[in-house]
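Visitor: Next up is a structure, given as C-alpha cells.
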Amino acid sequence: MSETTTAPPKAVEGTLGFVDERLGSTTFFGRNVKKVFPDHWSFMLGEIALYSFIVLLLTGVYLTFWFKPSMLEVVYDGSYTNLQGVAMSEAYASTLHISFDVRGGLLMRQIHHWAAILFMASILAHMLRVFFTGAYRKPRELNWLIGLAMFTLGILEGLFGYSLPDDLLSGTGLRITQGVAESIPVVGTYIYMFLFGGEFPGQDIVPRLYMLHILLIPALLLALVTAHLMIMWHQKHTAMPVKHQSEKQVYGYPFYPVFMAKTGAYFLFVFGVTALFGAFFQINPVWLYGPYDPGAISSGSQPDWYMGFLEGSLRIMPAWEINAWGHTLSLSVLIPALLPLGIIMTGAAVWPFVEAWVTGDKRQHHVNDRPRNAPVRTAIGMAAVTFYGLLWIAGANDILAERFHISLFATTWFFRVTFFVGPVLAYIITKRICIGLQRKDAESVAHGVESGVIVMSPEGRFSERHEPAREAEMHVLLSKETALPAAPDRDAAGIPAAKGPVGHLRSRLNRAWTLDDIPIEEHGNGGHGEGEQKAIEGSGESREAKR
Amino acid sequence: MSDENKETAGSTDPREEGGRRERVIGTPSPARDKALLAEDDISAPAGAGDQLDEESAKRAERIVAALFLLAFAASVTFIAYFIGWSGRDGGMHGVEDARETNFWLGGTMALAFLAMAVGVTIWVRRLMTSKPIVQERHDLAADEETRSAFARDFVEGAEDSGITKRPLLRRTLLLAAAPLGLAPLVLLRDLGPLPEKKLRSTYWAAAVERAKAEGKRGVRLVVDGTNKPLRVSDFAAPGSMITVLPEGMEEHVPHEELLTEVAKAVTILINVPAADFKPAPGRGNWHVNGTVAYSKVCTHVGCPAALYEQTTHHILCPCHQSTFDATNAAKVVFGPAARPLPQLPLSVEDGYLIATDDYQEPVGPSFWERG
C-alpha cells in the first residue's frame, strides 16, 4: 500500500491475464484478496492441526518409499546388530531399514510420529476453543460436525499407523483391538475374522491397515479438511467479543499480505518444531521393543496419547459378563470400548442442536461468547474435560502406581469413584466460578475498575478509587447478553400454554440454563455509589420474583 | 497476540482518563507511560500500522535478513552433511551412526524452518505496512424470493423429468438401485473365513491327538524360545514360572500359520508350592505336585498375562491389570477380566511334563457364541 501506486509489473499482469481469460478468476481473487481475518491467539490452534496434517502427508509419502506392508517372515540382516539373525515380519524389518539404513529415515519416522501426536492434540485444543467460546452455534454447526468426524478419523488413522511397524508394542495394540472387536454381540467374531483375514494375527492385517492408513482415511481427511476450510472461508471466521467486532461486521487484517505471511510463518513453525522434536526427542523406538511375538509383552505398555482414554476405560471397568441362553455378553469390554467414546462423540455432535433447542436461540452468531457468560455450557464442557481427562490418566494407572508407590488396585478404585464424582464436581465448581466472574464483571461495569489509587476521606477513612473501565474493556464486559426470560406458562388471557412432556422438559432445561444469570448492563452515568450496588442486588431480586 | 483481544476484563492498571491527580504516598505512580500505550487503537497483532519509522524498519530488515541467511546456511549444511558425511564408509552402521545422522539432519532442518519462521514473523510485525480493516458480514441465507424461485425450479425439474408423475418408473428405479447398494457388502465376504468352531480349540488338541496316535498319553511341554521338552525335575523350584508350547509346532504347523497357532496355544507353567495349592473340583489330577498350566492369553482382551508375583501367587496382565490367583484355578482377583484363565490338564510321562488334553473351554477374550 505505497502511496505512489504504479502499474503492476508485466509478469503479474501477464499471469493474471492468462488465468483470468481462461477461468474468469479475477473476480474471485478481487473479492478475496483482502478478506479480513479477525485475530486472537486461540484461532491458531486449528492452524496447527492443518499444518501438522501437511507435515504428516509429506513425511508419510517419504516413508512409503521404503516401508513394506508385509507379514511374510524374513531374517533380519540390516545394520542394527542387536536384531541380526532374528526372524521377523517384512514390515518390522523394513521399519528397521528406514530407521538405520536410509539416511534421514529415522528423522522422517520421528517427525511423522510427533506430527501425528501434535495433529491430534491441536485438534482437541481447537475443539475445546470452539466449544467454550460457543463458536459452533448457528450457522457453524456443520463445520463442528465435520471437525468431530475428522477427530474420529484421526484416532483411527493414528491407531492404524502405529500398528504398521509390527513391533511388540503395536502388535499388543492390535491384540487389544481384536479382543474388543470379538466382544461385539452377535457379529463380533465375524468382524474379527473378516478384519484379520482369519485368526489373530494372521498374515493380512498389516497390508490391510496400510491401505486404510495411506489411502482411504487420508483421502477422507483431505476431503473433510477442504470442506472445513471452504465453509470457514465462506462463513467468515468468528470473532472474539471485542471492540469493532459485531454480528454485522468483522474487523482484522487482510488475508493478503498480512494473514498469508503470518500463516506461512506458522506452517514453518509447525514444521520446524516437529523437526526439532524428530531430531532430539526419541519416539516409538521400535528396535527396542523387538518383533511381535504373541506370547511376549513388556510392562508399562501404553498406546499413543489419543487412545489413552479408551485404554483407561478398559482398565477401570469391573468384571461384568452375562452368560445366558448359550451366549456371552462381555460387558467388561463392550461398555468401556463404546460408552465413553459414545458419550463424548454423540454428546458433542448433538450439543449445538440441544443448546439451540433449550435456549430457543435460532439466531446467527458470529461473535463468540466469553466462557463465563455461558455458565452451563462452560460447566458441561469442564465436566466433559474431567470425564475424558480422568479416563485418560486412568490409562496410565500402572505408571502412576509404580512412580508414586501407590497400590495398583488403589489407583483403579480411585478412578472408578472419580469417574462418577469428578464430572459432577467439575460442573458445580465451574458454574460457580463463571457466575463469580459474571458478578465481578457486573461490578466493574457498575462501579468501575480498581484504579490502584487510595483516597483518604476527611474523616480518615481509606478507600480505593474506582474508575469507569476503558471503552475497549467496557465493550468486552458488556458483550454478555442478558438471558431471555422463558416464555410465560400462561398467555395474556391466563390460558396455560399447551405443552407435552417434552415441552415441560424444555422449559425446565431452559430455566436451568438461565437460572443464575447476572445481567451486566450499563446503569446511566457510571461512577460509583451505593445506588449501583442496589441496582445489582435489585436485579437479582427481580429474577427471584420471576421464578 | 493482540493486546486488544485480552480476555481479562477488570485489569488493575491505573486509569488515566481522569487527567492529572495527586499521587498518594505509598501507592504506585499513576504510570504516565502506560497511558501512552493504552490509547484506543493499539491493536497491531500484525503489521506496523500505516507509517513506518524508517530507521527501525531498516534495523528490522537487517534482523530478518540475518535470519533468512541463517536458514540458508542451515539448509546448505543439511545438504552438505547428507552428501559429505552421513553416508561415509558406505552407509550408516548401527545405532551410533543413525543417531548422529539424525541429530545433524534434524537439527539443521529444524534450524532452517525455525529461522525462516521467526524471520517472517518479524517481517510481518515490524515491516508490513497495513491497517486493520472492517468488512461487513452478510446474511448467508438467500432472500425469500430467490429461495422460492429455486424451490419452484426444483419441483418443475422433477416434474419435467416425469419422476413425480410416473410411479412405475420411480419404483422400479428404486428397486433396481437397492440390490446394487448391497452388492459391495457381498464382495467383502471373502475378507476372511467364517468363525465356525475355530475359537473353541487350540493347537494343544492336534498335538495331543498326534501324540496319542503314536501311543503316548499326551504331548510334551516345550519351553517357548528354546523348544526343549521340560522334565519334571527341571521345574522343581517352587515359585518359578515359564512359558510353554506343545512339542512339534515348528515341524508340523505351516510356517505362515505358526504365529497364529502360538497366539492361541501359548501357556504359562507355574510351580505353586503344594501347601498353597487348591485344585479346582474335578481337576484334582490336572497338576503335577503343584505345577500347573494356564492359558497365557488374558480372558479380558487377549494380552499375554505374563507377570507372576511369587509371594502372592498372582498372575497379572500388564495391559489392563486383570489379576488371577494361580493357587486357586486362576480365578479373577481383580481387574476387568470376567473369567479365570483356562487350565491345561497336565501329567507326567517318562519324567517329562505332558498335556493330556486341550483346554476344556475357549481361550482368550469372551465372544458372543462362547456360551
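Just so it is clear, glycine is given a Cβ too, placed from its N, Cα and C backbone atoms.
Note that TrEMBL annotation is computational and uncurated.
Here's the feature list from TrEMBL:
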COMPBIAS  B:1-24  compositional bias 'Basic and acidic residues'
DOMAIN    B:292-355  domain 'Rieske'
REGION    B:1-40  region 'Disordered'
TRANSMEM  B:63-83  transmembrane segment
TRANSMEM  B:103-124  transmembrane segment
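Give me the lay of the land around each of these features.
Guide: Only residues 6 or more beyond the boundaries of the transmembrane segment (B:63-83), in the same chain, are considered here, and those with a CB under 8 A from a CB of the stretch are 104-105, 108-109, 111-113, 115-116, 118-120, 122-123, 126-127.
Sequence-distant contacts of the transmembrane segment (B:103-124) (same chain, at least 6 residues past either end, Cβ-Cβ under 8 Å): 46-47, 60, 63-65, 67-68, 70-72, 74-75, 77-78, 81-82, 85-86.
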Visitor: Let me know the model's mean pLDDT on the domain 'Rieske' (B:292-355).
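Guide: Over the domain 'Rieske' (B:292-355), the predicted model scores a mean pLDDT of 89.
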Visitor: In the domain 'Rieske' (B:292-355), how many residues does DSSP assign to helix, to strand and to coil?
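Guide: The domain 'Rieske' (B:292-355) comes out at 0 helix, 29 strand, 35 coil.
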